[in-house]
Every structure is written in structure tokens, then in C-alpha cells.
Amino acid sequence: MKFLLTAAAALGLMAGAASAQSRLETVQERGKLLCSGHNGSYLGFAEVDDQGNWEGLDIDLCRGLAASLFGKAEGHLDIVPISWAQRWPALQSGDIDVIIKLSGWSQSRDTELNLAFSNPYFVAGFHVMTNADLGVESVAGLDGGSICVSAGTTTERFLAAYVEKLGIDVEIIVFESGDEVRTAYFNGRCDGLTLLAPPLAAARATSENPEAHVILPDVIALEPEGIIVPEGDPKWLDVMNWMLSSLWFAELNGITSENVDEIKANPPSAQIGKFLGVTPGYGSRLGLSDDWAYNLITEVGNYAEIYDRNIGVPYALPRAKNNLYTNGGLFYPLMVD
Amino acid sequence: MISLLRQKSFRDTASQVGFIGVLILLVVTFALTAKTNLDAQGMTSGFGFLERATGWGVSFSLIPFDTNDTYARVILVGLLNSLFLGAISLTLATVIGIGIGIMRVSGNKMAELIGTVYVEIFRNLPLLLQAFFWYAVLTTLPRPRDALEFGGVAFLNGRGAYLPGLNVTGFSVFLAAIALAVTVGLWLWLRSARRFARMAPHIKKAWSRGLWLGWAALAVALLWAGRIPETPLLSIPTLKGLNFRGGIRVSPELLTCIIAISVYGGAYIGEIVRAGFNAVGKGQSEAGHALGLSTWQTFTRIRLPLAIRAVMPMLINQYVWLFKSTTIGIAVGFVDFFMVISTSINQSGQTLELIAILMGGFLVINYSMAWVLNRVNDAIKLKGTQLRT
Amino acid sequence: MDATLPRQTRLRALRTDYFSTRLDTLVTLGFGLLAAWVLWSLFDWGVLHAVWSAENREACGHGAEGACWAVIDARWRLILFGLYPFEEQWRSALACAVIVLTGGASCAPWFWTARRLAALWVAGFVTFYVLMRGGVFGLTEVSEQNWGGLSLTIFIFASVTLLGMPLAIVFALLRRSQLPWIARTMGVIIDAIRSLPLLSIMFTFAIVLPFVLPGWMIGDKLHRVIAGYALFFACYQAEIIRGGIQSLPGGQEEAAQALGLGYWHRIGHIILPQAFRNALPATINQLVITFKETSLVVIIGFFEILASGNAAYGNSEWNFAHVEVYAFVGLIYFVFVFALSRYGAYLERRMAVAER
């Protein structure tokens, strides 16, 4: 028996040895980033086009991260399709390196689930959309009806709490994937559809008859969406925060994927020179190459470009709070020094 | 040493110890690794989370549940839902299966053809695909205001099926159902146990009649005791506002699972029943005819009982297998055992503990189901050579 | 002279088959009408009022009377190939064709020895894998995360069968072992796994296994799910093989023993070949179920054909067209499963003849 225990402990130790490393080094050694995808489309954030390619804001952030780490995303990025409910186990087990899947910062996730959140990269409220011909003006009017929601999300909890607060009787129906939720609503399975505002508006805008649906004014909850990494890995979390910051820094300084080469050849200020890796420092402190921000902008552009490409242009949604502070939004870059 | 290795008894013992040793080694390795990994990630383990409130609701529950209830209770809700779904769909699958089986041996070519087409279609498509399909069909039914109506008391629309029901608490219905199960058990025992074998038929009949009457009286009493105050006993669904109120509502999710599993299971059971009929030799029914029994009597008294008994072991396997397929509930949003576990994992993060509960739950259910059905089989199975051809 | 037996004309046969008694006539007419109505409705919906091409998309929608096959026209490549890179999809198609050909070839009696069959399938599988994965012979590498559609379904099915079959033989032999402890432990393991739902096993292997395995054993999620499925398959198949062995007359093994044949010789040359022959119909049935149940990986989040079907109607342009997509995906499943089960029925008949 003692022998068995020793043998087992030896096998187990071989496992333990690897986990002391930061995920950053693990990813760099592997030469490939495993980023979370969706198990179906979530309009504007992850969609599958006619040719079977992933696109969307979340996907662009994955591409940007891969480019920051490896110079370019192509050949260095695997989008792993997972359902909402499998996010945490997949991250903890190492099936994916990072969750960029429109996940809100909540206390239970931060503490009990032992996850670490980056600064929010998207902020929006949850709203409910209903059929216009129901004549409902607020969520309270849906008493006795039903609302569809995605399984295993904060939405499920927020909605349950909100309905409880209103004291109405609403049947909440949960679905595994984003496609199923939307289909269920448009087929009339539910009176209401709860989603984050942008995908909700996108669903309305692209429906057969947008006028037939109204988005109710109630804000069920405002949610800040962050990039998620395992707790206790500050180096890896730093990369996330500085990648997001770089996207906003580039936007603030007018650096786009179009003009980034020009600016790099002839930087207008020492700070921007450092940002683009003309002078060293911006990357090496993070354990990345010094021109990583240049690679990032070349790959996906700045935040405005990402937003417009995935949400602004296709669904004609204004940026609202998801703008730089200079335009009345919530976002700001960190100091580049 | 070498002579020891040549000894058969030593080799046998050594290989057994080795085999079991390797298994234990594997399990211990898993446990130690799990502990290392959990510690490294600072994750809590243990079953303490079962006492915490969930904070999320479920759309279908046989017992009262709200967002302040605990994880333990939500798991119980899932378990009961799975059992409920299993009981209904297995019964329906048996009915459909017997129907299809009869069609396929009826001798009428048209009925045989349709039975064959049914079996070939529904047996050759994945259950999950069928569930998706039925769900799509059920949710595209008209909205409540244009519901399909059946005699003014039952309705079908995109929100589900609405049936007239009783205004009684779910608990009393549950008790009545338990009483029914006990009654069926007693009745089978009465019919088959050796102790009653020598009893005169009319006494036996009186006993079983008493049994059923007793159950009926008990059920009525239970339902009466459990009626909800200040409501009429019978409740008929009526359209109010957005939706129907009153009566029993079967949600499209539950309805989808019931239809999908019973249609799919019916095809399999139909094949088994057909095999059973084929196992009953022609001589048996010819003998029945010769004794002056009508075709109907021959069928109900001879062919059907013999056929069912002949294939009982196959049916038991099929039931266990079909019960496991209730896990497709997650695909259409029916809150079954598996879906509750999956959602709990995501909300609480206690992956290992919840998976252990899931596995344990299915082992207990399926083992006890197989045990009970095997008892039934032992009681009713054919003895000797009743299947002579 | 009057004929004592009525001549068997086609009309008479029709009459005995369909209209022999009044009840029979009633049944025939009832079912006939029902069948005619169903067929006509399907024809009306699926052909007469259908929209066939993606250019006429506006004609489809919630109000339309017929099927909207336009969705298949627009999204068939997504359904068949999933997330596989668009320019490389010919490889995915070719790989599927290779496996179908392998399946077809293994129906030929020439291949019916364990060695030939194994060699054929391993060769077919390796070709499939190289085509799909690439990275050699100038093919660009496509990692398994990007596999999807029919080829992923086939990949899962083929690897589960190839892994599970040898495992099943081992399990069956262990369970039949003379050594009581080995036989009993194996029995407990097999019965336990058989009473768990496949979905929960896949889920466990996908999500829980990484916690309990040492890091170097974890591997890809797809591989883990296949391993779990193979284990499940092996437990079912082991019982089928055991049934096949039990149906052999006991004298067979005793005779072999009396001739002084060793254990492996007995098992490999006498017991297993016959057991497999006896268990063939049940094995084919198990393969049919295995193929169908690959669809469960949708829930774990893989883009096999059912999931890529979901994605095909998942965008706002086509979200009303699920019935059409499911009909299309269902047809693909049906072709495979029906072919397999017909082949099983053919084998059964052939064996029945041989035994006469």
C-alpha cells in the first residue's frame, strides 16, 4: 500500500511541477494561443460566416492577443468553441488560456470561482426585447409571460433578481447557446428576450421585421465585461490589461492599422515611439517583444476600428459608454512611460 | 523464484493482485493529482456549497423552488424532473412500441409497411436531431391568442399544451402516484408469487379488485385533502392576457422531450415486441383457435402475454438505455438532472463534487430500476417450455 | 376439371394481403389515406411550394407555404465542413470519401479476416487523418479545433470504433477470466459505465479529467472526449462479444484445450473468430447507435454536423429555416445509418443461409 501511495505521489508530482509557471510562458512555449470561442453565434461578438470563419469583437481581441504574443495571429491562434457553462472548467483545466467571451465581473466569480478579471473592455446594460404587438411598455407588463435567456450566465441571475424585485410571475427559460435563445424568441416561444444591449439591438436590426420588436427601457443590470484569466497569475493578467490599454492608447493618438507603419517610421513623440517599439521598454517589461503593440495594431487596429468593424458598421449601433473618455465614454488608456 | 513463477496458483494470485493494484494506483493518482491541482488554483472543495442559495431559478419543478433555495434542493428538483420525464416517456414509448410491433406482425401489408417505415425513419436518426426538430415544430405553433383548440378544454400553442387539471397540490399527486406504484407492485406479486398460486381464481380476483379499489379510494382521499382552498376542484385553461391560466400546462421543453424519447424509444421497443411475437410459435395461436378462442382472445390471452414475457430481458435493457437518454433535456432547455448539474457547475464552480453527484445519481437510479424490473421479470417469466412452436 | 387450388394471381395476392377481412379492409383504407395525406403534404411543402435557390431568398420566411431550400443552397458548405478553412474544404470532402470507401471495401468478403480488416481500417484512418490535419506533403496544417461538419462526425465515429474494438475484446476476456477477482472487478466496472449516460461520460472526460490527470496526459479536449466515448463503446461492445463467446458450445474450448493449444491460440484462432461471427448483427447495431450518438458532442461544444447545422440557421438571415436544415442534416445521417443497418440485415440473412 505504501508503495502504491509513493508511486501515485510521484505521478502526481509530475503534474504539479508544470503549474508553477505563468500561463504567459506556457503559451509562449507552445507557440499557440487557445482562446475561447462560442458554441454558436453571439451577434457582434462571435459569429460564424458562410465560409465557416469566426468573426466578432471577442474574436478580434483573441486575434489581437495572439498577435501581441507572437507577431501575427495566423497560425498562432486556436479558437476553441465552448458553451457558456463550460467557460470556467475549461480555463481552470487549461483547455483554453483566456476567456474573452463577454463575461461580467461578479463577486462570486472573482472569489468563489477564483478568477481574475482585466479592466472592462465593454460595458452595457441588459435589456428585454418583446413583440411590439403585445403593447408592453416595461418588464412589469410581461407578468404571466415568459422570457428567454442564455444558460449559465449572469443574465440568468440578474433577471431572476429583477423579476423578484418587481414581484411579477415570469417563466424564465434557459438555453445552452446564443442561437437557440434567439431562435426561441423569434419563433414565439417566449414573450421576451434578455441579452446585453448590443447583441439585442443586433438581433432586432437583423430580424425580418425590426419594427415588430421593441426594446424595453428597463435596465435589468449594467455589466462590465472583462477578459478572464486564472487568479494568481499577475504576469498573464498584466498582458490583458496592457493589450486593452494599447487599443485605447492607439485610438486616442490616432494610430490606426492604416497609418501605423508611417507613424512608426516617423514617430511624432518619444512616447509613441516607445509605444510602437522604436525605443525599447514597452514590451520587455511584460515579457513580450518590444514591438508587440505595433503587431497588435497591425493585426486588428485600434479599439474604434474593432468596434466599427464588428458592431458599429454592421448593426449601426452608437458606441455610447464604450467610447474614450474624451468622447464621453468610460475608457481611458493607462500611462505609457 | 522461477519455480514459483511456474506454479499456477502463484501466477494467478500475482496477476489478480497486480490487476487490482494497478486500478487502485490509478484511482489514488487521480485523487492526489486532483488535490494538487485544486490547491494550486486555490479552489475550495467539499460539499459545503450544497447549503448555499443558488440565486437562479428553474422553469419547471415538481416541488416549490425559488431563487433563495439551496443547491441541494435544485439538484433534487432536477432529479425529480428526470424521473418524471422518464416515467412518462417510457410508458408512452411502450404503448407506441406495442402498437408498432402489432402493426408489423398484423398480416395486413399496409399496416406492416407503415410500421416498417416508422421504425426505419425514427430508429435511424439521432435522438438529439429529433429533439431539435420537435422543438422547432412545437415552438413555431401559433401564439396563445390563436391556439389550436380541442373541444374548448385543451389547447396547444407555441407556449405548450394546456390540459384541464385539478386544483390540488403537487405533493398529493406525488403521493397518489407512489400509491399507484405500490399497488402495481402488490398486484404483480399477487399474480405471480407462489404463495398465492393455489388460491382459487375468484378469490384471487377479489383480492386484486380490492387492491385497485383501495388505491382508488386512497387517491381520491389524498387529492381531496390536497386541494387548494377557494378554487374549484376542476380547473380548465382559459386565455387571460398574454397567456392561458389554469389547468395543467405542459411546457414545449417537456413536451419535446416526451415526444422525442417516446417516438424514438417506440421504434426500438416496436422491434423488440416484433421479435417477441415472432418467438411465439404459430402452433400456440393455432391451438388457441382450435380451442374455440376468437382472434381477439387468442391475441390478448396468448400471443401478447407470451411475446412480452419472451422479450422482457431485452425490454429491461432498453428501459435503462432510454432512461439515460433523458439527458437530452439540456439541448432544448428542459431542466433535467444533467442540466441542473451543468448549470450548478458553472455558477458554483464545484466541478468535481457535482460530477460525483451526477454519476452517483445515475448509478443509483439505473441500478434500482434494473433491479426492480429484473424482479418483475423473475416473477412473470416463462417457466419450462411455454414457447413451444 | 375444377381446380382445387385458386390460381395465385397478382389481384388475388393483393386481396389476401390487403383486403382479406372487413377489418383488414378498414385498416388498409385508414392507413392508406393517412399515408397518402402525409406524403402529399410533404410533397406539397417540400417540392411544389419550395424555394430552391439563395437568390430567391425573399420568397421564404415565416409566411411562406413551402420549404426554403435556399438556406441549404447558401450554407451547405458550412453544414458539411463547419469551421474548416474555406479554401481547404476539398480536403475535408476527400477525407470523408476515403472513409466511405474504406467502409464500402470492408463489406467485401475478401477483407473478412481480422488482419486484413484491421490493416484496411488503419490505412483508411491514417489517410483521413493526414488529409484533415495536413502539415505534411505541402498541405497546410489545420488543427483539430477547426475541424467540423461531416468530417468531424466521421472522425469521432471512426476513432471511437478503432480504439474501442480492441479495448472491448480485452474487457470481454478479462470479464470471462478464470480468476475471480479480475472477472468480478471488470464486471463491476463494465456495469457501472453501462448504466451511466454517454453524455455525462463525455462531459466528465471533457471537463473533469484535466483536474485528475497529470499534466502530460491531458491532451486535447477532442481526444479526451473520444477516449471517453471509446471507453463507453468498449463496455457495451464487450458485453456483445461476451454474449458471442457464451453462445459457442462449451465443447469448442474444451476440444482446443484437449489438443494442447495455449490460451492465446485458443482465443485468437478458435473462440474469437466464432464469437465475432455470432455477435455480428449486434455489433452492427452497436455501430449504428455509436454513429448516431456522435451527435451528443454538440452539447460539449464541438462543431460536428448537427452543430454546424445549428450554426447554419443561427444567423439572422436564416433563423426561420431550422426545419429545412434539420431535414438536410437528418438526410445525411439517414444515408449513413440506413446503409449500415441494411448491411447488417444482409449479413444476418447471409449467415442464416450459411447455418442451414
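Yeah, the Cβs are placed from backbone N, Cα and C, and that goes for glycine too.
Unlike curated records, TrEMBL annotations are generated automatically.
Remember, it's a predicted structure, so these values are computed and weren't measured experimentally.
Sequence annotations record features per position, and here TrEMBL assigns transmembrane segment to B:12-34 (among others).
Per TrEMBL, the feature transmembrane segment maps to B:74-100 (among others).
As annotated by TrEMBL, domain 'ABC transmembrane type-1' applies to B:79-373.
The feature transmembrane segment is assigned by TrEMBL to B:121-141 (among others).
Among the features that TrEMBL reports, transmembrane segment is placed at B:161-190 (among others).
Here TrEMBL flags B:211-228 (among others) as transmembrane segment.
TrEMBL lists B:248-269 (among others) with the feature transmembrane segment.
Counting only same-chain residues 6+ beyond the ends of the transmembrane segment (B:319-342), those with a CB under 8 A from a CB of the stretch are 58-61, 74-75, 77-79, 81-82, 85-86, 89-90, 93, 127-128, 131-132, 135, 251-254, 256-257, 260-261, 264-265, 268, 354-355, 357-358, 361-362, 365-366, 369-370, 373. Positions annotated as transmembrane segment by TrEMBL: B:319-342 (among others).
The annotation transmembrane segment is assigned in TrEMBL to B:354-373 (among others).
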Chain residues in Cβ proximity to the transmembrane segment (B:74-100) (below 8 Å; excluding those fewer than six residues from its ends, i.e. six or more beyond): 50, 54, 58, 60-63, 65, 115, 118-119, 254, 257-258, 261-270, 272-274, 304, 319, 322-323, 326, 329, 334-341, 344, 357, 361, 365
Spatial neighbours of the transmembrane segment (B:354-373) far in sequence, C-beta under 8 Å, 6+ residues away: 75, 79, 82-83, 315-316, 319-320, 323-324, 337-338, 341, 344-345, 348
Stretch among B:12-34, B:161-190, B:248-269 sharing the most Cβ pairs under 8 Å with the transmembrane segment (B:121-141): B:248-269
